[in-house]
Amino acid sequence: RMFHDDELEESEKFYVGQPRVLLLIYALYNTLVARSEMVCYFVIILNHMISASMITLVLPILIFLWAMLSVPRPSKRFWMTAIVYTEVAIVIKYFFQFGFFPWNKHVDYTKDKPYHPPNIIGIEKKEGYVHYDLVQLLALFFHRSILKCHGLWDEDEKGDSSSNKEDTDDELSLTGGRRDSSASLKSVNLAASVESIHVHFPEQQTAIRRKSSSSISQLSHRSSFSSHRSKRGKYIFKNINHSTLSLYFFQCKLQIIKSRCGLYCFRTLQVYVPIRQFFYNLIHPDYSAVTDVYVLMFLADTVDFIIIVFGFWAFGKHSAAADITSSLSEDQVPEAFLVMVLIQFGTMVVDRALYLKKTVMGKVIFQVILVFGIHFWMFFILPGVTERKFSQNTVAQLWYFVKCVYFGLSAYQIRCGYPTRVLGNFLTKSYNYVNLFLFQGFRLVPFLTELRAVMDWVWTDTTLSLSSWICVEDIYAHIFILKCWRESEKRYPQPRGQKKKKVVKYGMGGMIIVLLICIVWFPLLFMSLIKSVAGITNKPLDVSITITLGGYQPIFTMSAQQSQLEDFNQTRFNMLLAGYRGNTAALQFLEGYGKEDITLADLEGNSNSLWTISPPSREKMIQGLLDFSSEFTTYKNMKYLLSHFFFRTLGEVYPYYIKAPSDSLAKPIKQLLKGMYCKWKNITVSLVKNVSGEGVREWWVLNQLGKTFKTSGDSLELIIFSDKVSPPSLGFLAGYGIMGLYASVVLVIGKFVREFFSGISHSIMFEELPNVDRILKLCTDIFLVRETGELELEEDLYAKLIFLYRSPETMIKWTREKT
């Protein structure tokens, strides 16, 4: 070895011999040190998410529009700005915590008001007002110490001083022969004392670069034409004497400062020119390490889209308890949901357009608009819409954090530049099972493939028509899927003449068989299990009975509520089962119910309404009861009205057991009322007459004979079996019923399955391709010549691809295995 140190070797051995937990801690610390600036960004964003005030708003904006856009790293000026700003914010918050300020006297009343001025500014009085600011300051000082340890803290200033030194040396060399030493010294001192103003002329700079690169002789004149090493993006007139230029600008500055208006203009230019120069250098860099993080940006936008769909209530007013499924089922589209979805989808479309056009300037403008727009909306508009502070809106905080990740990726894309070529889908870079299934899942999303194809055609330079473009995309997708299957066949080859293994047959075939059987019998299984397993008990709240003789005035009306409706206990349920021992039909019916589904209704025997009937009707009813030959005396027309939020006409005297299904159609339970175990009950009906000074009052009294659980007083018993109802989350499926599910689900799925199993013979010439490498290369060649601007060649290659699919013989030659 060229270099050997015993101490370093012993140190390495000592480090390797440490426990794994300690090594993990070392690795985490090294990761923290390597990405200390990301820790600072995270703490600053977290502080702003929790505080959500104007004081904490400044630094996140500076992060996305200054720090993350700086090449190669944020400058010392940014970190000093962040440190000083954090210290000033801490002092301001501490100063406004004193109780003598008027807004600090009613803190409990104003702390939840989003538009209270101290809450907006961030100077409200609260517990732990400065905790996160101190953590932020600690993170900034930690990053500052890391930069100092690696000698990067004063790097910019050293670079400036070295550049100034080189410029000074060149100026001194140019002053010889025509100027004396005093004049040269005077000009140099003047240049050193006056702040230099750098002016950028892109055309001249480009011309100088081309001239210096084409002519070797000019490389020797570095003092007048070559550019010196300085910070990225600073361009200076090199063909003009620096001291003369500085003197000229100094004279102009003296003329401008003479007027107050000119002074304001000069100070404005001092702020505007560096900002403009920063963004200009960002759009026109000297070099660019191109990268492609569009997939990650798209995933971040997709996560935000999902947050909006499932948490749209957090972006609207009075919608905290809303549910998107219930709102859509009622044909109502919440305004907050609509606005958020359209904005999010629109930004995704614009981002795709910028990616296809590869315009860094458009991306910079879009980044600036989004950063200011999102922050203004989230922290000034949204609190007024939702009537709660941003720090109290967890869903909005999560959405903002994911959006900050998107802003960071966007800034990285701007700083590195767009890739020069965009070839195909990002899922088609590898030919394995993961890419295959992800790509097929991507194509299954409704309208996503079509929307992507149309957008790519709109924002990509091409000579193909839209139909031809879609044709190429479809061929490429199909060939990619075939390529993945052929690669899998190479990795897992099947020897000739060997039968398929049972693992494959029973694994794949058995799974398909089970799947098809489940689809066929899905409605029956669903309707059977939804109530028995996930069903909810639906007990009656009111039971009403009305007895009418013929078509005359009702003689009895009574209701039972609350305490008159008793739940069955286990003892009563066991007695009920014992009473039907040996009755198969009854026991089979009772198996579907538990004690919690049975309710005992105890109705008072005295009618709760007086019997009011006209004398002619009264006489006619009496004659009908005395006429034994009429059908009226057979009680075939006696009607009972039983209501448990439902009304039902019953044909027997008094059914003791009533079934209350999930709908409004009640009926007696035949399994428990017929045969030798018949539980039809007899009732006695008597008319009570009360004569007083107010007149004659009449009402009917009913009493059930042979009551099972009640023995005293005139009363009626009724046992009600309530069917379970489906949970609200599955009610939209259960509402269709068995036939509805068969018509809407099974038949539709069966149609797609039938298309998979039929029509295969028509696609053999396009499916059974042994080797698709040549066709895949032809498709990628079309993408490549399109990106390079060779549009005529694109037309030729497309015509070749179409001819290949029109000629089966040529297709056979192209897809043969390579020998």
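Glycine is no exception: its Cβ is also placed from the backbone N, Cα and C atoms.
Feature annotation from TrEMBL assigns transmembrane segment to 14-32 (among others). Sequence-distant contacts of the transmembrane segment (14-32), counting only residues of its own chain at least 6 positions beyond either end whose CB sits under 8 Å from a CB of the stretch, comprise 39.
Taken from TrEMBL, the feature domain 'Piezo transmembrane helical unit' applies to 34-154.
Taken from TrEMBL, the feature transmembrane segment applies to 39-66 (among others).
Annotation comment: TrEMBL describes 78-96 (among others) as transmembrane segment.
The annotation region 'Disordered' is assigned in TrEMBL to 155-180 (among others).
Per TrEMBL, the feature region 'Disordered' maps to 205-225 (among others).
What TrEMBL lists as compositional bias 'Low complexity' is 213-225.
Marked as domain 'Piezo THU9 and anchor' by TrEMBL: 291-528.
Look at TrEMBL and you will find 293-316 (among others) tagged as transmembrane segment.
Long-range contacts of the transmembrane segment (336-355) within the same chain, counting only residues at least 6 positions beyond its ends with a Cβ under 8 Å from a Cβ of the stretch, are 294, 297-298, 301, 304-305, 308-309, 312-313, 315-317, 319, 324, 327, 362-363, 366, 370, 385, 418, 422, 452, 455, 458-459. Residues or ranges marked as transmembrane segment by TrEMBL: 336-355 (among others).
The transmembrane segment annotation in TrEMBL covers 364-386 (among others).
Residues or ranges marked as transmembrane segment in TrEMBL: 398-418 (among others).
Feature annotation from TrEMBL assigns transmembrane segment to 430-446 (among others).
What TrEMBL lists as transmembrane segment is 466-485 (among others). Same-chain residues lying 6 or more positions outside the transmembrane segment (466-485) and placing a CB less than 8 Å from one of its CB atoms are 424, 428, 431-433, 435-436, 439-440, 443, 449, 453-454, 456-457, 766-767, 769, 772-773, 775-776, 779, 782, 798, 801-802, 805.
Residues or ranges marked as transmembrane segment in TrEMBL: 506-530 (among others).
Summarising the annotation, TrEMBL assigns domain 'Piezo non-specific cation channel cap' to 566-629 (among others).
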Q. Which listed range (39-66, 78-96, 293-316, 430-446) shows the maximal number of Cβ pairs under 8 Å with respect to the transmembrane segment (398-418)?
A. 293-316
Q. Have the transmembrane segment (39-66) and the transmembrane segment (430-446) got at least three CB pairs under 8 Å, pairs 6 or more apart in sequence?
A. no
Q. Any residues 6+ beyond the ends of the transmembrane segment (293-316) with a Cβ under 8 Å from its own?
A. 322-324, 334-337, 339-341, 344-345, 347-348, 351, 355, 382, 385-386, 393-396, 398-399, 402-403, 405-406, 409-410, 412-413, 426
Q) Counting by DSSP, what is the helix, strand and coil composition of the domain 'Piezo non-specific cation channel cap' (566-629)? A) 32 helix, 10 strand, 22 coil
